[in-house]
């Protein structure tokens with residue numbers, strides 16, 4: 001992998017020397033994706049194998065359409081971040097202009113997650129019915145309508161309606177964007193491209209926070225329209241997911257979309273055949289209902305997808321993220337400085353994680369992330385324990401800062417993005433809508449529950465709260481070790497067949 005791609009054309013020559021004809025004639029591939037049966041397929045040394053290798057080299061040099069398509073899709077992720085970040089810098093201004101009580105503004109802030117849960121429930125069926133691009137159009141429409149309602153709001157009710165609409169659009173984006181990217185990306189770049197989803201969420205949230213300090217709350221709602229406008233315009237210039245088109249039986253459109261993504265000179269016959277064979281084998285199965293997802297053939301992928309969402313959310317991220325300023329104040333560290341360091345570190349480490357995911361792999365990043373979350377939680381717990389018992393009070397601010405920075409840096413490098421990447425990879429296309437909706441719903445429910453209970457837990461015991469989070473993250477490490485497979489470097493069809 002460290003060699004320049006132009007050297008790849010010499011590999012077949014080496015293979016001629018090393019591999020005997022007898023060994024070549026025994027090569028097999030798995031043909032039955034569900035039953036695991038083998039069908040012997042002879043692979044000639046000169047022909048499809050070499051042709052595929054040369055084409056991979058060619059695609060490596062000309063991935064611009066995949067990159068452009070990914071850029072358009074992650075505008076939805078950027079919108080996601082803007083929706084989340086909007087309520088923090090605008091709280092005082094909205095409450096003053098519209099004379100809202102703290103309870104009324106709290107409803108405005110939290111109703112976003114309820115809209116996202118509704119969006120999560122419906123995102124899979126919508127994406128299966130009208131396509132990945134169609135789902136992004138629906139999501140954009142809700143976001144645009146929501147922002148306009150917020151802009152023209154004169155009281156709490158329209159404000160809440162607008163926030164609920166943007167939350168719905170955000171919930172749909174949270175599912176369809178990583179799924180779409182995973183379905184259009186080459187396997188060797190799928191990880192880093194899918195991780196851009198989380199990176200753009202972080203950038204979008206930071207953008208809303210920064211612009212919220214210099215713009216009025218109504219002007220900031222107009223800023224929220226920009227990413228959706230770019231997305232809607234860009235959707236006219238990018239192809240639909242080839243795998244969704246194949247599933248719908250649109251063979252000509254499927255081949256055309258695959259050709260556009262790979263380039264007009266690329267030979268897509270091998271990949272097209274692999275996808276088509278996989279879809280054909282799935283069509284022989286009965287269309288699964290929701291309860292069928294708990295059958296043995298689907299249970300493992302569902303357990304992995306839902307389990308990772310539980311690990312991501314119940315480890316405390318939304319409590320820590322939403323109330324970072326108050327945590328710094330409670331620990332005696334300047335909240336403005338702490339929050340800025342918190343935000344900058346999150347952006348930088350998310351970018352590092354994106355660069356590493358296709359090299360280090362998904363599972364190692366998750367394990368490193370989980371270990372860091374445990375360490376950061378323990379540091380923070382020790383800081384608050386010392387404060388509660390008046391022991392080494394002078395060390396409390398520095399220890400709390402170190403704990404929170406280790407916590408957010410560890411989350412950003414793995415647990416923030418990788419669960420979405422793996423979720424987009426592991427579900428077979430015939431259950432992706434239903435199973436993906438369940439996993440996304442669990443994620444948003446966990447986000448709400450964590451943010452709702454955080455202040456109650458801190459009132460109970462500040463250090464006990466972080467000991468609890470450390471214990472949950474330790475259990476997450478155990479789950480990752482036991483249940484989560486490595487998905488790096490495999491096509492979606494190979495991966496789903498293995499699971």
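Keep in mind that glycine also has a Cβ here, set from the backbone N, Cα and C atoms.
Bear in mind that TrEMBL entries carry predicted annotations, made automatically and left uncurated.
The transmembrane segment feature in TrEMBL is assigned to 64-87 (among others).
If you look up TrEMBL, you'll see 69-488 marked as domain 'Major facilitator superfamily (MFS) profile'.
Look at TrEMBL and you will find 107-127 (among others) tagged as transmembrane segment.
Feature annotation from TrEMBL assigns transmembrane segment to 165-185 (among others).
Under the heading transmembrane segment, TrEMBL lists 192-211 (among others).
Sequence-distant neighbours of the transmembrane segment (217-238) (same chain, 6+ residues past either end, Cβ-Cβ under 8 Å): 65, 68-69, 71-73, 75-76, 78-79, 82-83, 86, 89-90, 93-94, 97, 133, 136-137, 140, 143-144, 147-148, 150-151, 162, 166, 169, 204, 207-208, 211. The transmembrane segment annotation in TrEMBL covers 217-238 (among others).
According to TrEMBL, the feature transmembrane segment maps to 302-324 (among others). Same-chain neighbours of the transmembrane segment (302-324): 293-294, 335, 338-339, 342, 366, 370, 373, 377, 404, 407-408, 411, 415-416, 418-419, 422-423, 426-427, 435-436, 438-440, 442-443, 446-447, 449-451, 453-455, 457-458, 465-466, 468-469, 472-473, 476, 479-480, 483-485, 499, counting only residues six or more beyond its ends whose CB sits under 8 Å from a CB of the stretch.
The transmembrane segment annotation in TrEMBL covers 336-357 (among others).
Among residues of the same chain six or more beyond the transmembrane segment (364-386), those with a C-beta under 8 A of the stretch's C-beta atoms are 308, 311, 315-316, 327, 330-331, 353, 356-357, 392-393, 395-397, 399-400, 402-411, 413-416, 418-419, 462-467, 469-470, 473-474, 476-477, 480-481, 484. Here TrEMBL flags 364-386 (among others) as transmembrane segment.
The transmembrane segment annotation in TrEMBL covers 398-423 (among others). Sequence-distant contacts of the transmembrane segment (398-423) (same chain, at least 6 residues past either end, Cβ-Cβ under 8 Å): 174, 178, 182, 190-191, 194-195, 197-199, 202, 304-305, 308-309, 311-312, 315, 317, 320-321, 324, 327-328, 331-333, 338, 341-342, 345-346, 349-350, 352-354, 356-357, 362, 365-373, 375-384, 386, 436, 439-440, 443, 466, 476, 484, 487.
Sequence-distant contacts of the transmembrane segment (435-454) (same chain, six or more residues past either end, CB-CB distance under 8 Å): 110, 113-114, 116-117, 120-125, 127, 171, 174-175, 179, 290, 293, 298, 301-302, 305-306, 308-310, 312-314, 316-320, 322-323, 419, 423-424, 427, 465. Annotation comment: TrEMBL describes 435-454 (among others) as transmembrane segment.
Nonlocal intrachain contacts for the transmembrane segment (466-484), taken as residues 6+ away from its ends with a CB within less than 8 angstroms of a stretch CB, comprise 300, 303-304, 307-308, 310-311, 314-316, 319-320, 362-363, 366-367, 370-371, 373-374, 377-378, 380-381, 384, 403, 415, 422, 457. Residues or ranges marked as transmembrane segment in TrEMBL: 466-484 (among others).
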Contact ranking winner - 64-87, 107-127, 165-185, 336-357 against the transmembrane segment (192-211), Cβ under 8 Å: 64-87
Same-chain residues near the transmembrane segment (336-357), Cβ under 8 Å, at least 6 residues beyond its ends: 191-192, 195-196, 198-199, 202-203, 206, 209, 324-325, 328, 365, 401, 404-405, 408-409, 411-414, 416-418, 421, 488
Same-chain residue ranges lying at least 6 outside the transmembrane segment (107-127) that approach it to Cβ under 8 Å: 83-84, 87, 91, 94, 100, 134-135, 138-139, 142, 156, 159-160, 163-176, 179, 244, 432-437, 440-441, 443-445, 447-448, 451-452
